[in-house]
Structures are given as C-alpha cells and as structure tokens.
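*Asks:* Would you mind keeping the following structure in view while I ask a few things?
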Amino acid sequence: MEIVIVQHKDEAAKIAADIVESYVREGKTLGLATGSTPLGTYQELIRRHREQDLSFRDCQAFLLDEYVGLPRSHEQTYYQTIRREFTSHIDIDDAQVHSPDGTAEHPGEAARAYDRSIGDAGGVDIQILGIGSDGHIGFNEPTSSLQSRTRIKTLHPDTVRDNARFFDDDESKVPHHVMTQGIGTIGEARHLLLLAFGENKAEAIAAMVEGPVSAMCPASALQMHEHVTVIVDTAAASGLKHTQYYNYALENKPTWQAF
Ligand code: F6R
C-alpha cells in the first residue's frame, strides 16, 4: 500500500484527480464511490473537464453500491447521487454509468448480473473508495467475506446513523439494505484509490493499514491487493503508528508520480 498523508483534503483531491485523470485520458473504466469523501475529487475532475479539456467520452463507470428499495427517481439513490455530484457535469455517456439495481425483483440474480457486467466490460481500471468508520468498503460491513461478490447486505446500525444526514437526519428514512459489490469484486479492480478524511476515520485507517487482515475490518483486505494508493489527511492518519514507512519518494518524486 502506498500511504500518502496530506495536510488538507483539498490537496488529497488534487492528487486523487491526477491519478484518475491518467486513466481517463486513456479511456479506461472507472469505479466510482458515493458519500462525502470523493466529492472534492469529483469537483476537481469536473473543473479539469471544463477548463482543461479533460474528456470522459471514452470511459465507462461502475458504482460500488446502491440502496435497496428506493425508486431510481429518489434523490438519495446512488444512481441519482453520482449523476448530481459528478457524471452529469462531464461528457461521459450516461448509458455507460452503471450501478447495482436496488429495485430488482430478483436481487440475487441482479447482483450476479452486475458482477458479470463488470467482467464483460473488461474490469475496473481505477476504483475510488471511501471507508466507513467501522472499516467497511462499498457496503461490506464487518464480518463480510473477504472474497464476497456483489450481493445484498444489511447495514450496521452505526452506518444507518452515519448516513441519516442524507435523509433529513432521520434514521427511520434510511434503507437498511443495500446491494454492494463484494470485497472480492472490488479487489479485482486493477488500482484501488482509497481516500479518508477526519478523525472519525482514524481508527478504521489504522486497522486497515496496520491491523491484521480480518473480516472485522473489511478494508484490511486491501493489504492483499497489488496496487493500492491511500490518501489521508493528518486527522485520518492520526491512529497510524508506523508513519516512517509512508510518504516515501523515488528520485524526489512521490511514487504515484514516479510510476
Ligand atoms: C459509498 C460507499 C461507502 C462510503 C463510506 C464512507 O459508495 O461505498 O463505503 O465510501 O461509507 O462514506 P463517506 O465518504 O460519506 O464518509
């Protein structure tokens, strides 16, 4: 894992945008997360699209997850959220922005079909990830199989509480079920780019980077992946004990630029 610790999340957004841009310029397949964490990166990519001719026309995108039971027209579906926050502001073909179908009559079949569609597209080249305060990635809550595939999961009450801010601070409005890419599915993306900001992510980041690989911290599965970049602000990095290993540079260039 390459761990990059920055002072401020604006700096993280620029580095993340640099990384994603290199894939966009080659028309690669993007894996997108929702939630607050990637918003700065999306805004920076939108700015580069407007001001620097960064074109997404040859890209396609796959979302990590979706609430089960909300109609697609609901403003808090991830289908709507990613369009509002990102993809409607760039020139990606809307038909190429894919997400799990949280309204499917046969969710198990829809989940398997989603996995197949990622494979049929040749897999995800760069996957943007946030992390839950309990160490979840996608909506793979603790105890999720580290080899899991796209499927229905029940959200932990803490995650429901965390996400109530998007539902008028009313936990009763937050769906309790989601369809999420599995940890095995996420792990097939060729490059994982995980961002985390703020002190409430510090424990999860420490467990992910320095703890044992364990289903109790689903993000710890990233330790088994061959190409992971983690960008955190100092607050999210505050639980790390071994920072002497991080922020290393090759020929005076941070490694995300050197390779
Ligand atoms: C969202 C997702 C989740 C979030 C995580 C952090 O698509 O997959 O894993 O990344 O819950 O959420 P924020 O960024 O809102 O703190």
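Backbone N, Cα and C atoms are what each Cβ position is placed from, and that goes for glycine too.
For 13-227, the entry in TrEMBL reads domain 'Glucosamine/galactosamine-6-phosphate isomerase'. Residues or ranges marked as active site, proton acceptor in TrEMBL: Asp65, His136. Annotation comment: TrEMBL describes Asp134, Glu141 as active site, for ring-opening step. Residues or ranges marked as site 'Part of the allosteric site' by TrEMBL: Ser144, Arg151, Lys153, Thr154.
How buried are these features, and what lies next to them?
*Replies:* Taken residue by residue with DSSP, Asp65 (active site, proton acceptor) is part of a strand.
Every protein chain considered, the tally of other Cβ atoms within 10 Å of the Cβ of Asp134 (active site, for ring-opening step) stands at 18. Mapped onto three states, the DSSP output places Asp134 (active site, for ring-opening step) in coil.
Reduced to three states, the DSSP call for Glu141 (active site, for ring-opening step) is coil.
In sequence order, His136, Lys153, Gly182, Ile183, Ala215, Pro218 constitute the residues six or more apart from Ser144 (site 'Part of the allosteric site') in its chain with CB-CB distances below 8 Å.
The secondary structure of Arg151 (site 'Part of the allosteric site'), as reduced to three states from DSSP, is extended strand. The Cβ of Arg151 (site 'Part of the allosteric site') has 22 other Cβ atoms within 10 Å, all protein chains considered.
When other Cβ atoms within 10 Å of the Cβ of Lys153 (site 'Part of the allosteric site') are tallied across all protein chains shown, the result is 22.
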*Asks:* Of Asp65, Glu141, Ser144, Arg151, Thr154, the recorded positions listed, which put a C-beta under 6 Å from ligand 1? Please answer none if none do.
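*Replies:* By the Cβ criterion, which requires under 6 Å to ligand 1, the hits are Asp65.
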*Asks:* Please give me the recorded positions out of Asp65, Arg151, Thr154 that lie within 10 Å of Glu141 (active site, for ring-opening step), comparing Cα atoms only.
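*Replies:* Matched recorded positions: Thr154, sequence order.
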*Asks:* List the same-chain residues at least 6 positions away in sequence whose Cβ sits under 8 Å from the Cβ of Thr154 (site 'Part of the allosteric site'), in sequence order, or say none.
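*Replies:* Result: Glu141, His176, His177.
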*Asks:* Please work out the mean pLDDT for the residues of the domain 'Glucosamine/galactosamine-6-phosphate isomerase' (13-227).
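*Replies:* Averaging the confidence scores along the domain 'Glucosamine/galactosamine-6-phosphate isomerase' (13-227) gives 97.
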*Asks:* How far is it from Asp134 (active site, for ring-opening step) to Asp65 (active site, proton acceptor), counting Cα to Cα, in Å?
*Replies:* 17
*Asks:* Looking only at C-alpha atoms, tell me how far Arg151 (site 'Part of the allosteric site') is from Asp65 (active site, proton acceptor), rounded to the nearest Å.
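*Replies:* About 9 Å separates the two Cα atoms.
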